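Marked as domain 'Serine aminopeptidase S33' by TrEMBL: 22-233. Residues annotated as substrate binding site in TrEMBL: F29, M98. If you look up TrEMBL, you'll see S97 marked as active site, nucleophile. Positions annotated as site 'Important for substrate specificity' by TrEMBL: I146. Residues or ranges marked as active site, charge relay system in TrEMBL: D197, H227.
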Amino acid sequence: MALRDPESAWQPFSAYPGTGAGVLVSHGFTGGPASVIHLARRLAEAGFNVECPRLTGHGPAWRELAKATREDWLRDLRAALERLKARGGPVFVAGLSMGGTLALRLAETDPAIRGVALVNHALVFGHPLVPLAFLLKHLVPSTPGIASDILDSGISEPACDRTPTAGVEQVYRLAREARAALPSLRQPLLIFKSREDHVLPARNAPLTLQEAGSADKELVWLQHSYHVATMDHDKELIADRCIAFFTRLAREVP
């Protein structure tokens, strides 16, 4: 069934079924909580406390997103993370696309995070103009939207109507910062990457696997999904592996 674009598709999601481990789940650039809601709900059904906020500026209209910065998005996620920490159990982070990059950045700066799961995250970009977004934003304020790169033809992703170039600059700067700190990452890392992704190049996954300082790290290639894999044919595989990953790590906490 295709997801429509009502306001409910943009609502944050939170669930506190227990008093133990918590997972922060982040959507990506121009998308919203609907793109990762299946993963968030599966985690909650497995007994994890879950926070899935709507990042600043994200909604149907791109002009609001053009005003947002990576610091805004990190602040949104840190606030949600503190709510999970307040329950007293171990905390983990997961994210789709830019949400994965944000998850990496959080883990690089917060040792309390015990594990990281990434789905088609962004560290490097295929389009040669992305590094020039800081200049292009003054000439081309927005470009066509990048949503719904999904193999399943029955599913569509609620997303901004266009892609703000100023926002692309923020994502690029975030990715550079996250990559620079990768060698310092120590938390266990689970990476999912679609074999066919029309938004971000495949080399993001092996690059992260190679450069991350984590001793416990694994790459899972997705064979049946495009970029928005958390809404695509592999969504159950992603949820199952994330649940197993976070469950194992939660049991290892003293």
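Glycine is no exception: its Cβ is also placed from the backbone N, Cα and C atoms.
It should be emphasised that the depicted structure is a prediction, and the values quoted were computed from it without experimental measurement.
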Exercise. Counting only other Cβ atoms and using a 10 Å cut-off, which of the recorded positions M98, I146 scores lowest?
Worked result: I146
Exercise. If H, G and I count as helix, E and B as strand, and all else as coil, what does DSSP give for M98 (substrate binding site)?
Worked result: helix
For this session: Pick the one among the active-site residues S97, H227 whose Cβ has the fewest other Cβ atoms within 10 Å in this structure.
Result: H227
Problem set entry | Reported mean pLDDT - the domain 'Serine aminopeptidase S33' (22-233) | 95
